[in-house]
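Here is what TrEMBL says about this protein:
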BINDING   Cys91, Cys93, Cys113, Cys116  Zn(2+) binding site
MOD_RES   Lys68  N6-acetyllysine
MOD_RES   Lys86  N6-acetyllysine
MOD_RES   Lys121  N6-acetyllysine
Amino acid sequence: MASRLLRGAGALAAQALRACGPSGVAAVRSMASGGGVPTDDEQATGLEREVMLAARKGLDPYNILPPKGASGTKEDPNLVPSVTNKRIVGCICEEDNTSVVWFWLHEGEAQRCPRCGAHYKLVPHRLAH
């Protein structure tokens, strides 16, 4: 078993040495063009590619990332994106709470959680496609 691992590591080292140019500096090339495993950037297509490109620009077109927390006050409410004029929201009022308080959030003024009083505001969101 160990001899197979060493033999495999030796083959990889030899391949890396062959990839060096005449000056001894490693030539930069993609593994996919050399017959290896393609990177995520080379292989991604469709929606996955769109999400990867948007993430590089710091965007979140499909609300994949968790929302940025706000203080939850009336002046600085938690912003909840929605494609409709209402959305159901779950509030975990305390860190160690084991239950979630669910309530409907409607477009317009900021609304409070019925249990803890944190403020939430619905903001319009357009889908990326």
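Note that Cβ sites are derived from N, Cα and C of the backbone, with glycine treated the same way.
Keep in mind that TrEMBL annotations are predicted by a computer and have not been checked by a curator.
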**Complete:** Counting every protein chain shown, other Cβ atoms within 10 Å of the Cβ of Cys113 (Zn(2+) binding site) number 19
**Complete:** For the binding-site residues listed (Cys91, Cys93, Cys116), most other Cβ atoms within 10 Å of the Cβ sits at Cys91
**Message:** If you count other C-beta atoms within 10 angstroms, which of the modified residues Lys68, Lys86, Lys121 is the most crowded?
**Reply:** Lys121
**Fill in**
Not counting Cys91, Cys93, Cys113, Cys116, residues with a CB within 8 A of the CB centroid of the Zn(2+) site are Ile92, Val101, Pro114, Arg115, Gly117, Ala118
**Prompt:** What is the nearest of the binding-site residues Cys91, Cys93, Cys113, Cys116 to Lys68 (N6-acetyllysine), using the Cα of each?
**Reply:** Cys91
**Complete:** Rounding to whole Å, the Cα atoms of Cys93 (Zn(2+) binding site) and Lys86 (N6-acetyllysine) are apart by 21
**Prompt:** Cys91 (Zn(2+) binding site) to Lys121 (N6-acetyllysine): how many Å between their Cα atoms?
**Reply:** 13
**Message:** Just to verify a number: CA distance, Cys116 (Zn(2+) binding site) to Lys86 (N6-acetyllysine), in angstrom, no decimals.
**Reply:** 21
